[in-house]
């Protein structure tokens, strides 16, 4: 049950959540807003309250007492470390367990202890059999009866151990699955609560890496590995107890190995912890790069930036790889040293035991074997579980990082129930002397004493240059951020005193870059208001001019729109976002460039709807297209964070100030044909202007003629020679695409396929395998030495001859220890190099091939970026199991098994046959189980939506918070993760069967080999010495099977992961190889020739139905038309994100599918509708895909894009970090950087898809002038809904319903008074 005082528990039963113990109280207005500076407020804050200034890492350093205790408890990992957070304790890993989980943990622990305690019985029973062999005549019935008693004990223990091991594995795996589900839920829940300032400092890629990589490390640490660890420690303690029971002197002597072993393990843990933390940092940064690149893959492709992004990704992975290799070194060094000390003490124990036997303190040699074998088994298994200890250490370090996020309670907490909820909202908004700077950019002040009053029911428009603080003001009103000084109030109440959820429900916002989610249109609208009916949805969609296009979708309102709304155009997305806001019926409406992506007709309809929706409510608008705000009650002009002009449209125009300059910048050319027939001669121009105008008219006429020729071609196209050529070309390309699609099935990968991809590492693998095989000869060597020792105890009386044999045994055991030390060190380092190289190669190859895929690949919901990022984060590390320390254990085991089988055949072939048969039987069972688990893994991955949803949440958390739907998305994540949880539990059952069989296998092996061996000795077929050597050999072979089988789940997972990655690595894009094709000189003539096209995900909904238009070299062609008419698709096809499905698209007369895609894109430059920047400096973003660009050229491009003015105000200039996705820049600033990125390439074809939509009028005019200069001598295709920016185009093409409806220049189309004319009249700002 949830705690009574926890109304927002969300099903989390753990009352230790600080955020549920207390909540942030309403904070009164302060001149300088630091809650901790006011003692009254500070006393009410949660213990783990933080603000953005508190997020700097606070280094943890253990005290002297802690260091001593850490070393004493084998926790040297934190004995001398300075870490950002203290690694959590082992119990702390289960802090989110519930009562049932603790019950499972208790039962599993009991079973693990029972299983561990039972292991020394093996030594005890073996000792009793040894006594029977040495004391009684081998052919006597007394020998046979005594020996057979122990056989039945082996059988009974084997059955008992198999049951306890099954229960142990199931309990730990079930508990782990449930605890990890809770931990993931809490992590996502906590991410949803964090404030905007935290996200400015914590990139979404790093958060995603935590969710995938760090969580996986914790899962590995608290699952079956913990059971194995507990079993190992129980085995060690039980072994010590048994040894002390039989002979305390010998046991005490052998216990001397403990301090040295503890020191080894502590030093190992210390080194592993520090290197793991450094490794995680590199992996996290690489994850951020991968996430950004895949989320903005079209931008990366358009600028041929694939290899640059791959280079950045690889560089960060390389940093982590170096530390991972060091982990292999330390593991091998200290692990080998452990075994050296163990075997040295083992030899000394045999020597001392022989001495005690000689002097009569020990009466039978079997007791020596019991004590020595007990201590050996305990210590040996402790050494073998050292890799599991490293896994546990990794889990503790990762958990510390995860818990920091989970425990963080921000000052602006969307889950807080505190704060006022005003009953009768009037809607008076006031900004009073507001100062603000972003937490991540303390050196740049955005608002500098803003004073603004918005009276109830009025509309106020904010205008000004990009980056002047307009959107920041909106962020302060919605409490994404808080001012550093001053107050923001609603109806006289400081927004900091209001309940956040109530505030954001009261204030509805349409953001500059609309965010939609990977769901149906219906569900996206429900996010706005979960209680809405379909009738209400249809009503608001009609208001937002969205209903008509939605009805034309394949499933109407139930159509899936893909990741980020990829199936919709920019204008369609914005209309759905507007409808989603209107359905909330907010009291205060914030419109941040709400209609920037709409065509003029849609904008007029939607603006009218917004004007109607604004009636009776306070509305704050931000718009660069001034026609949308001319009806506002008040227009305020921002500059440098303060208001410099205010008034309505007419007042500000009469004032003739800055606003008037913006209006003039957006006025259209005078239209002399508005009331009379058009005559070119009557236009009064000077000679120069007339010459220029005639040139423009000639160009326009050529374009119009081309359009008319295109229309006539449409009528008789099927019979033309060019049509036949286009059809033949399409048939060839269609056949190629069909072949690619046929190859795009599921690729099944085997272990050999993984090794085939290890080119360049074969020498390391060979040498590593050689050393691993040498390391694997340890158990056969021990079998021979034990057989040799057994013979020594037959030297009766026990005297000098026996002691000499034991002295030689000391040397033999120490020699094996030295061999193990050096072979383990060498093999561990070599395989660490191979595993990290291979994992990095798979990551890089997968990432590289993803960046080269065509757009249709990403349109497929199965290939949503969220899912692909999860695959990159988890599959490549999973493959490492085949080539890292786990593979070493298997090689050790294989070498030991083969060598022990050989020894058994040499000394007793009957035992050899029996043991080999048992091992093969177990192998067949394991293969069957592996196949079953592999199928379950594939099914689980294919059905896993939880990872995609989590990434969608992380990417769009600010939007989710503003919509007050944190809990809705959290519920969605919880629901989707239940399927994953069920799959894990089913898979755990199969893995538990495997674990049970392999861990009890040694007892069954001993049972059957001793049963047959006793019979052989009794019948006199073999001597007891040879039979004993054969049995010991097979026993140690069974130990090898048991040791290696625990890695069985990881190997199955590696095979599944390899198949998933190979599907990515070997997939060929439909657009073909980037470098193949012709590379002619591009002049810039473009022809859309009867082009037909449908998106692959919507084949029955054609976008182009015989589209025909031409752009001649050096022309500027503007594409206009309703949102969703296919304008951006035209540009996407020129960039070859998609290929035509009918007709042909030609550049300079050649089908672009025959051109090298790399060459084609080097001749083009694209400025997209939603400019995508990447983490890094402004310089790096401008030069994306280019090498060695001179600084002068970069500055020239930035100046052309009108970016130099705001750059001058940045302390680091062009070396300023723009933040993740350019988050540190305003929308207009981002767009200017994107324009500079295009201009620096000096392209032959310039593609501008709403290139100036986020710019203020003055910046737009300056940038437009720059673009006008930049397009001289090159072909320019531009899309713009702000028609003032395209009126000087040589040709304007109006596209609707998949065809060209009108074409001509501005004057010609105005003369026609058709569709274009109507759009112009809607945006006319004539004064």
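Using the three backbone atoms N, Cα and C, a Cβ is placed for every residue, glycine included.
Now, the feature entries from Swiss-Prot:
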BINDING   464-471, 1121-1128  ATP binding site
COMPBIAS  1-17  compositional bias 'Basic and acidic residues'
COMPBIAS  673-686  compositional bias 'Acidic residues'
COMPBIAS  694-704  compositional bias 'Low complexity'
COMPBIAS  711-721  compositional bias 'Polar residues'
DOMAIN    106-394  domain 'ABC transmembrane type-1 1'
DOMAIN    429-665  domain 'ABC transporter 1'
DOMAIN    766-1053  domain 'ABC transmembrane type-1 2'
REGION    1-23  region 'Disordered'
REGION    671-721  region 'Disordered'
TOPO_DOM  1-104  topological domain 'Cytoplasmic'
TOPO_DOM  173-225  topological domain 'Cytoplasmic'
TOPO_DOM  269-331  topological domain 'Cytoplasmic'
TOPO_DOM  386-766  topological domain 'Cytoplasmic'
TOPO_DOM  827-886  topological domain 'Cytoplasmic'
TOPO_DOM  932-996  topological domain 'Cytoplasmic'
TOPO_DOM  1052-1327  topological domain 'Cytoplasmic'
TRANSMEM  105-125  transmembrane segment
TRANSMEM  152-172  transmembrane segment
TRANSMEM  226-246  transmembrane segment
TRANSMEM  248-268  transmembrane segment
TRANSMEM  332-352  transmembrane segment
TRANSMEM  365-385  transmembrane segment
TRANSMEM  767-789  transmembrane segment
TRANSMEM  806-826  transmembrane segment
TRANSMEM  887-907  transmembrane segment
TRANSMEM  911-931  transmembrane segment
TRANSMEM  997-1017  transmembrane segment
TRANSMEM  1031-1051  transmembrane segment
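Shown here: features listed in Swiss-Prot, placed on the structure.
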residue: 464; record: ATP binding site; Cβ neighbours (10 Å): 27
residue: 466; record: ATP binding site; Cβ neighbours (10 Å): 25
residue: 468; record: ATP binding site; Cβ neighbours (10 Å): 24
residue: 470; record: ATP binding site; Cβ neighbours (10 Å): 27
residue: 1121; record: ATP binding site; Cβ neighbours (10 Å): 24
residue: 1123; record: ATP binding site; Cβ neighbours (10 Å): 25
residue: 1125; record: ATP binding site; Cβ neighbours (10 Å): 24
residue: 1127; record: ATP binding site; Cβ neighbours (10 Å): 30
Practice task
Translate the DSSP assignment of residue 1125 (ATP binding site) into the three-state scheme.
Solution key: coil
Handout entry: Segment-segment contact (the transmembrane segment (152-172); the transmembrane segment (997-1017)) at 3 or more Cβ pairs under 8 Å
Key = yes
Exercise for the section: Using Cβ atoms only, state whether the transmembrane segment (332-352) and the transmembrane segment (806-826) have three or more pairs under 8 Å that are 6 or more apart in sequence. Expected result: yes
Problem - Contact call for the transmembrane segment (911-931) and the transmembrane segment (105-125): at least 3 Cβ pairs under 8 Å, seq gap 6+ - result: no
Problem - DSSP-derived helix, strand and coil totals, residue by residue, for the topological domain 'Cytoplasmic' (932-996) - result: 58 helix, 0 strand, 7 coil
Practice task
Any chance you could find the range in 105-125, 248-268, 767-789, 887-907, 1031-1051 with the most Cβ pairs under 8 Å to the transmembrane segment (997-1017)?
Solution key: 1031-1051
Problem - Counts of helix, strand and coil residues, the topological domain 'Cytoplasmic' (173-225), according to DSSP - result: 48 helix, 0 strand, 5 coil
Exercise for the section: Could you break down the residues of the topological domain 'Cytoplasmic' (269-331) into DSSP helix, strand and coil, giving a count for each? Expected result: 59 helix, 0 strand, 4 coil
Exercise for the section: Taking helix as H, G and I and strand as E and B in DSSP, count the residues of the topological domain 'Cytoplasmic' (827-886) in helix, strand and coil. Expected result: 53 helix, 0 strand, 7 coil
Completion exercise
According to DSSP, residue 464 (ATP binding site) sits in strand
Exercise for the section: Would you mind listing the long-range same-chain contacts of the transmembrane segment (887-907), meaning Cβ under 8 Å and 6+ residues beyond its ends? Expected result: 384, 387, 768-769, 772-773, 775-780, 783-784, 787, 824, 827-828, 831, 835, 881, 913, 915-916, 919, 1022, 1026-1027, 1029-1031, 1033-1034, 1036-1037, 1039-1041, 1043-1044, 1047, 1051
Exercise for the section: Check the topological domain 'Cytoplasmic' (1052-1327) for me and report the mean pLDDT. Expected result: 84
